Amino acid sequence: KMKFSKHCAIGLIVRLIFIYYGTYQDAVSEVQYTDIDYKVFTDAARYMLNGESPYKRHAFRYSPFFGLFLLPNLLIHEEFGKILFSICDIFSTYFIHKILLIEGCTEPKSTKWSLFWLYNPLSIVITTRGNADAVAALLVLATLYLFKKDNILGAGLLHGLAIHLRLYPVVFSLPLYMSVSDQHSSRFVRLFYPNRMRVTLAFACIASLSCVSGLCYIMFGNEFVQSSLLYHLKRFDIRHNYSVYFYLQYLSYKTGISDMTRYLMLVPQTTLLLLLAIVYGSKRTIAFCEMCMAFILVMFNSVVTCQYFVWYMSLLPLCLKDLNFGKKELFLVSNYWFTSQAAWLLPAYLLEFKSQDTFLYIWIQCLVFFWANIVMLTSLIRNYLPKRKVN
């Protein structure tokens, strides 16, 4: 019965406790709590503070705005960025709550479903380790909120900014475009006709993306294009990650993966994304569409780490009210998904910290996890029954 605002305050306090604990673990354990990317962000901020390019920091593959956001790490406190990302988490919870209210949920129900994100251990740990995907998740949810409020111009502007900071929201462009349609028109017209609101959405998105990206290009030139944009289109990781393509990349490290193979790797992902956009690209089901698309994007990505789960976990609370899982199925599917992740961790630990050759075992676990994702996604789609009004 606690008020939503009190839950948000508790959620922030919990995150601050985790941040404090992280400083202790970093000091005493070989397994560092702080994400390596957070250290990269801080180093990039240091270069910017000295009037240099953040891309001088090896492995900085992000928008220079992340370096700018974390300047207070050097000027105020080294944990500032983690606190900033935690605040983004709280605002994400706020937008989840507001969207659910717009869709017809009562105040208690909206609070209940939004707590799935606020108290989610995965989101708490990933954010307090210093991962910046909390910022992208916030922008995606804020875009959906404005979209649900029929603020098409604002939604387009935020969507462009989200794409600039993190490329993955670009796949949401098609379902957003398709959702802005005249429901009384024919299906063909609803799918493709560029009405006034669709033009507004597209123009606002392109203008926003062009302005911020153009500014970064003026400041940092080709370094920005290569590191923040093109790098992510050909990224690979031969050490270890959850991707089903991990072992292929490892075995092909010296010879490289052929262009034909790369194109074939994109076929199942692209096909599924297009199908989801066509089937669920409507205003009523846009949240479920984006959640499933993010799920597909992560499943078939050439590099998959835990931080990517934030992409769809942040959207899942918006869909929970429309999911009709049986208790047994929910228990089995969720446990299979979590267990397949846990089984991956042991060979990954032995490789990372004990230098044991466990590449084959990691790949086997990647296949198991990929199958767990298939089971999870098909279960979500099968049990999705959107309601027009939630009491």
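For all residues, glycine too, the Cβ spot is worked out from N, Cα and C.
Feature list (source: TrEMBL):
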- 59-77: transmembrane segment (TRANSMEM)
- 83-101: transmembrane segment (TRANSMEM)
- 122-146: transmembrane segment (TRANSMEM)
- 199-220: transmembrane segment (TRANSMEM)
- 260-280: transmembrane segment (TRANSMEM)
- 292-310: transmembrane segment (TRANSMEM)
- 358-381: transmembrane segment (TRANSMEM)
Selected stretch (most C-beta pairs under 8 A with the transmembrane segment (122-146)) from 199-220, 260-280, 292-310: 292-310
Spatial neighbours of the transmembrane segment (199-220) far in sequence, C-beta under 8 Å, 6+ residues away: 53-55, 63-65, 152-161, 163-164, 173, 176-177, 180, 228-229
Distal contacts, the transmembrane segment (83-101) - CB-CB under 8 A, six or more residues away: 4, 7-8, 11-12, 15-16, 19, 69-70, 72, 107, 109-111, 113-115, 117-118, 123-124, 127-128, 130-132, 134-135, 137-138, 141-142, 144-145, 148, 287, 314, 317-318, 321
Chain residues outside the transmembrane segment (59-77) and at least six past its termini with a C-beta under 8 angstroms from it: 36, 40-49, 84, 132, 135, 164-165, 212, 216, 219-220, 224, 227-228, 231-232, 235
